[in-house]
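Peer 1: If you scroll down you'll find the structure; I have some questions about it.
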Amino acid sequence: QDLRSRPLPMSQRRALWQEQQKKVPVVSKGESWRRKNAKLLREGKEALKEILYFFSPWRKALQLIGGESWTRSAGQSSFLPFRHALIAGFVLVPSIVFRGSEGTGFPNLTGNTRAQDPVLLECMNYNPNPQGLVPFYTYILDVLLGTGFVELSYLFYGFYENTVVEDRNFYNIPLAYLLTAAFYFAFCLICIVVRSVWLGYAARVAVATGGQTGGEYSMIAFAGWDYGSLGDKETKLKQKNILYRLQVDLEEERLKNQAAALTLKQKVFLYSLRVLLLFLALGLIAAALFGIFQATQFSQKMSGREGIVGLLIQYLPSIVITAGNFVVPLLCDQIALLERYSPSVTIILALMRAVVLRLVGLGVLLFTLWTQVTCGGNPEEDDCRLCQYNYKLYQCWETRVGQEMYKLTVFDLLIAVATLVLVEFPRSRMVVDHSSNALVQKLGRQEFVIPSNVLVLVYGQTVVWTGALFCPLLPLINTVKFIILFYCKKITLFHNCRPALRTFRSTTSTFFFLVVLLFGWGLATTVMVYSVTAIHPSMSCGPFRFFDNMWLIVPATLYSLSDTSRDFLFFIGSQAFSIPLFILLCVVLCYFIALASVYGKTVRLLRTQLKLEGRDKQFLVKQIDALSKHLQIPTHRE
Amino acid sequence: MGNKQSIFTAQQLDAYQDCTYFTRKEILRLFYRYRDLAPQLVPLDYTRPDVKLPYELIGSMPELKDNPFRQRIAEVFSEDGQGNMTLDDFLDMFSVLSEMAPRDLKAYYAFKIYADFNNDDFICKSDLEKTLNKLTRNELTEDEVRMVCEKVIDEADLDNDGRLSLEDFQHMIVRAPEFLSTFHIRI
């Protein structure tokens with residue numbers, strides 16, 4: 001039945017179909033049963049497709065928007081419901097259910113004696129509820145800051161009990177908490193890897209058959225026009241886009257030739273200029289990071305203030321981070337004008353700088369928090385000696401870290417909505433449409449630049465991962481934020497922005513963003529592993545109250561398991577198992593690398609052979625021509 | 001759904017289902033779209049299969065109206081080569097341009113669309129120049145057009161005859177993962 005994949009005119013196809021139908025009468029029972037089944041299956045599939053199409057509201061919107069990188073990153077959020085089910089199922093629901101019940105506190109290793117120690121009782125002092133009468137706006141502030149009634153909710157780490165229910169069903173909440181966090185991270189990693197492998201498949205074809213650089217122009221010429229674009233404006237835009245891409249490619253070619261033709265003196269000058277500007281850019285980034293450091297320290301020290309000033313001080317790190325992420329790339333863009341790299345290198349450099357700024361900025365924030373919580377890692381300092389963490393400033397430090405991440409997320413959302421309302425709408429509606437000022441017209445409508453928008457998404461996801469251990473419902477809040485942002489951006493896209501003229505090649509860019517996402521994930525995992533194993537949990541709150549660090553619950557549980565499972569788990573963790581596994585994985589990796597290089601070589605060989613065949617053919621045809629003229633034999637060639 | 005329509009016989013509908021990538025519903029919907037272009041020419045049942053709609057009507061469909069290649073598309077898929085399409089041609093065109101058509105089939109027809117401005121079964125330099133001008137609305141300078149044409153032929157011409165044959169084209173399309181999504185009209 002592959003009639004339809006044959007490139008014949010329709011009338012011929014139908015004639016062939018008629019003939020096929022005529023030949024059919026004598027058919028075995030099995031054959032006709034199978035054919036009927038195939039037909040039913042096909043109709044079933046059609047019906048199912050229609051139903052599913054109905055249920056995918058995002059798909060239509062995403063297709064409308066059209067940009068590939070945006071849809072890929074937004075498509076990540078299709079995994080979100082599953083992740084939330086994971087968290088909700090394992091941690092949230094049991095906590096709610098078992099909260100009232102008579103769970104016994106986990107038989108702690110250091111014994112209940114610790115709880116009786118009067119000195120340590122001071123460490124367990126924790127009461128985030130405001131005392132006495134509070135002004136009404138405190139509730140709003142609480143939602144914005146994650147304090148007060150929000151703090152004592154399932155949102156933050158501090159609210160979970162360290163109960164282990166033993167009477168009817170055995171459920172170990174602390175262990176569940178830890179393992180859920182670990183599985184969440186592992187699941188995210190698997191999602192990223194699967195997606196990048198799937199992407200790599202598309203890129204693999206290009207790599208095996210001669211690399212990305214072989215075929216840019218022909219790709220643009222023959223696969224560049226989107227036949228599905230509707231409307232006059234969109235067509236004009238696409239044509240401008242293609243024009244721009246071709247001009248950029250030609251320009252790069254010209255620059256390459258120019259660069260190759262520079263004299264030695266000019267080259268030295270250019271390279272030294274570039275090094276200087278690189279240091280300047282690094283200096284700008286370092287200044288921004290220092291600003292973040294100071295802001296975080298200041299904000300944590302002054303965390304007692306009330307009212308609007310208190311709100312501003314609490315949000316100071318977020319404000320500084322956002323301001324830095326806005327100002328520094330602008331300045332770096334100006335620097336890039338002087339550097340005179342080719343356009344594609346400029347774009348990549350700008351993105352790298354933005355990425356470094358964001359991730360390292362987040363890292364600096366976390367580092368500052370760490371120095372304050374653990375007194376710079378020195379447990380002998382005054383503030384930390386008693387409880388091994390700074391209990392004066394932080395009765396419940398995990399909640400505080402969770403609050404910082406929560407504030408970052410909320411602030412991100414607020415700034416995005418505020419920019420939309422206060423900057424983009426006025427800019428397009430009132431200013432551009434009604435003003436005839438030349439400068440204003442030049443600024444024009446906001447360009448929707450896909451790379452920076454995707455970077456914002458990636459950064460938000462990293463913040464969520466870092467905070468997931470301390471603020472279990474943060475992924476849920478992030479989902480809500482994504483949904484709001486999505487619809488906001490959709491509105492702004494269609495009403496206010498004009499599309500960016502400069503495009504970024506979609507497969508490489510998506511791969512790049514996945515790599516950045518992977519880095520973010522690495523940062524979050526480092527933070528999680530460190531806080532689980534090295535920092536003393538708060539004694540006044542949370543499921544890990546009486547442990548020296550959160551990891552200790554795993555060995556404690558393991559000892560209570562039966563002998564065989566314990567031996568099995570110890571064996572898997574031991575060197576006798578992991579080293580051979582590692583060696584095996586290396587061997588498999590080497591095999592695949594070798595296979596890939598062999599295929600690449602084969603393809604290149606076949607291409608040269610094809611070229612030679614063509615030349616042979618031409619040569620023979622010329623010979624035939626010459627001979628036939630010589631012998632005056634009329635040829636049968638057209 | 002099934003047999004409540006009276007436009008096609010069951011056998012005709014089966015034939016169309018097997019010869020295109022469309023489902024029953026989509027074929028009927030396409031018939032109505034075809035008929036809407038000229039209700040007075042196309043009868044409500046499929047009694048006169050040789051009705052041809054002139055190119056002007058086809059080219060005024062919203063899906064094709066702004067496509068710079070619409071004339072070539074109509075010429076390639078029409079039986080008479082002038083762009084006047086019967087229902088068969090119409091269904092064929094949208095079937096090849098639909099999501100489910102395989103890459104080789106699309107590459108074949110894409111080649112014909114880009115190639116035969118001068119009817120020689122090859123994409124030669126003048127064909128490429130016309131294509132480029134349509135793609136960029138004539139805004140590239142002549143020098144730039146010439147340079148791009150040279151580069152394209154350099155990259156894709158495997159048998160070195162200065163023009164692209166169907167094999168060259170198909171080989172090049174294999175390396176373009178976005179071809180399947182761009183050579184696609186949703187209807």
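Placed from the backbone N, Cα and C atoms, the Cβ positions cover glycine too.
Checked TrEMBL, it gives:
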- A:136-160: transmembrane segment (TRANSMEM)
- A:175-194: transmembrane segment (TRANSMEM)
- A:275-296: transmembrane segment (TRANSMEM)
- A:308-332: transmembrane segment (TRANSMEM)
- A:344-370: transmembrane segment (TRANSMEM)
- A:396-506: domain 'TMC' (DOMAIN)
- A:405-423: transmembrane segment (TRANSMEM)
- A:454-477: transmembrane segment (TRANSMEM)
- A:511-532: transmembrane segment (TRANSMEM)
- A:568-599: transmembrane segment (TRANSMEM)
Peer 1: Of the stretches A:175-194, A:275-296, A:308-332, A:405-423, A:454-477, which racks up the most C-beta pairs under 8 Å with the transmembrane segment (A:344-370)?
Peer 2: A:275-296
Peer 1: Under 8 angstroms, Cβ to Cβ: which one of A:175-194, A:405-423, A:454-477, A:511-532 has the largest number of such pairs with the transmembrane segment (A:308-332)?
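Peer 2: Looking only at A:175-194, A:405-423, A:454-477, A:511-532, the most contacts with the transmembrane segment (A:308-332) come from A:405-423.
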Peer 1: Should anything in the same chain at least six residues away from the transmembrane segment (A:405-423) have a Cβ under 8 Å from its Cβ atoms, list it; otherwise answer none.
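Peer 2: Same-chain contacts beyond the flanks: 144-146, 155-156, 314-315, 317-319, 321-322, 446, 456, 460, 463-464, 466-467, 470-471, 474, 477-478, 481, 484-485, 488-489, 491-492.
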Peer 1: Same-chain Cβ contacts of the transmembrane segment (A:511-532) under 8 Å, 6 or more residues past its ends?
Peer 2: 69, 72-73, 178, 181, 185, 188-189, 192, 195-196, 199-200, 203, 348, 351, 355, 359, 362-363, 366, 398, 401, 454-455, 458-459, 461-462, 465-466, 468-469, 549-551
Peer 1: Quick one: mean pLDDT on the domain 'TMC' (A:396-506)?
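Peer 2: Mean per-residue confidence for the domain 'TMC' (A:396-506): 74 out of 100.
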